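J.: Pasting the feature list from TrEMBL:
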REGION    1-26  region 'Disordered'
COMPBIAS  8-19  compositional bias 'Low complexity'
BINDING   ARG73, GLY98, ASP171, LEU172, GLU198  S-adenosyl-L-methionine binding site
Amino acid sequence: MATRQRESSITSCSSASSCDADDEGVRGTCEDASLCKRFAVSIGYWHDPYIQHFVRLSKERKAPEINRGYFARVHGVSQLIKAFLRKTECHCQIINLGAGMDTTFWRLKDEDLLPSKYFEVDFPMIVTRKLHSIKCKPPLSSPILELHSEDTLQMDGHILDSKRYAVIGADLRDLSELEEKLKKCNMNTQLPTLLIAECVLVYMTPEQSANLLKWAASSFEAAMFINYEQVNMGDRFGQIMIENLRRRQCDLAGVETCKSLESQKERLLSNGWETASAVDMMELYNRLPRAEVSRIESLEFLDEMELLEQLMRHYCLCWATKGGNELAQKPGELFKPRSPKQPLRDVLWSSRSWKG
């Protein structure tokens, strides 16, 4: 929705934020993910002009399999978001749970694909850092102000609320606080709602993640939930991943729900969702259009395809829906296998469909 140009300003006031020291390792994963995305963008895996405003480019080169993994993750989540926006004709809202330094709001605005409102939630400490970047950097603040209907946008240390975009500091394990803050920022339970969680549920206990999923399924008349996280964690490779994270004081409290694609789907279905689908990231990668695969594989040499496959088999993309059958997205509809005879324009996963 276009708005008239005008003089606007962001007013900031200080606000203390407190975070549980036990969550320090989990908060650290936000920095890791941001650095990995920043590096992958810097060498051309995908286009994102906004990530540079949240994180500096690391001097440490990331491994090719990590870069390809992040490409598949960003690409896959983006396809699901855009499918939801198309189904609802953007008359919807998106709630990104554990959003970190995610830049989806700005990229959707550039493509004229913004929902009625876009919400982000994360630890208050992470939100404070993100809002500081937004306040200080016009490429981030200007798009928000352009859409805002008031002359001044109020922002404190761990919350920002505007007409089309809100950032909220909250603990996802405290559902009463989460719901209260979302409603204060004008969350509309009557609108079709997409909830996104990328490597979030695995850091909660199974009971905590189940409560969050139940809350999400019961709070909206029509909704979709996207979950990206680990899978097949019962084998030796999975155990090594767990041990490496523990050495960094980061425990996967919910790893028992990540045993298989079936256990991932069952968790969604048993907590109020009507449909559930899941693919591991190697399957998703194998279904990318050949043109995109050739492009990203030409960016840097990978001599151990087995390592890439091991890594990708241990992450998955899951999605669930409830209310409104039109929101259901079957894997075959979204992730069409590559065919040498099929024109790229007919493949949903086309390079044209992904510009950021």
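One is the number of the first residue shown, and numbering goes on along the chain from there.
For all residues, glycine too, the Cβ spot is worked out from N, Cα and C.
TrEMBL does not curate its annotations; it predicts them automatically.
Just so it is clear, the model here is predicted, and its values are computed rather than measured.
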J.: Hey, of the binding-site residues listed (ASP171, GLU198), which one tops the CB count within 10 A?
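T.: Comparing the binding-site residues ASP171, GLU198, the most crowded Cβ belongs to GLU198.
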J.: Give the maximum pairwise CA distance in Å, whole number, for the residues ARG73, GLY98, ASP171, LEU172, GLU198 listed as binding S-adenosyl-L-methionine.
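T.: For the residues that bind S-adenosyl-L-methionine, the greatest Cα distance is 24 Å.
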J.: So if I measure Cβ to Cβ from LEU172 (S-adenosyl-L-methionine binding site) and keep only same-chain residues at least 6 apart in sequence, which ones fall under 8 Å?
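T.: LEU97, GLY98, VAL121, LEU178, VAL200, MET204, GLN208, LEU212 - these are the non-local Cβ neighbours of LEU172 (S-adenosyl-L-methionine binding site), listed in sequence order.
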J.: With every protein chain in view, what's the tally of Cβ atoms within 10 Å of the Cβ of GLY98 (S-adenosyl-L-methionine binding site), excluding that atom itself?
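T.: For GLY98 (S-adenosyl-L-methionine binding site), the count of other Cβ atoms within 10 Å is 22.
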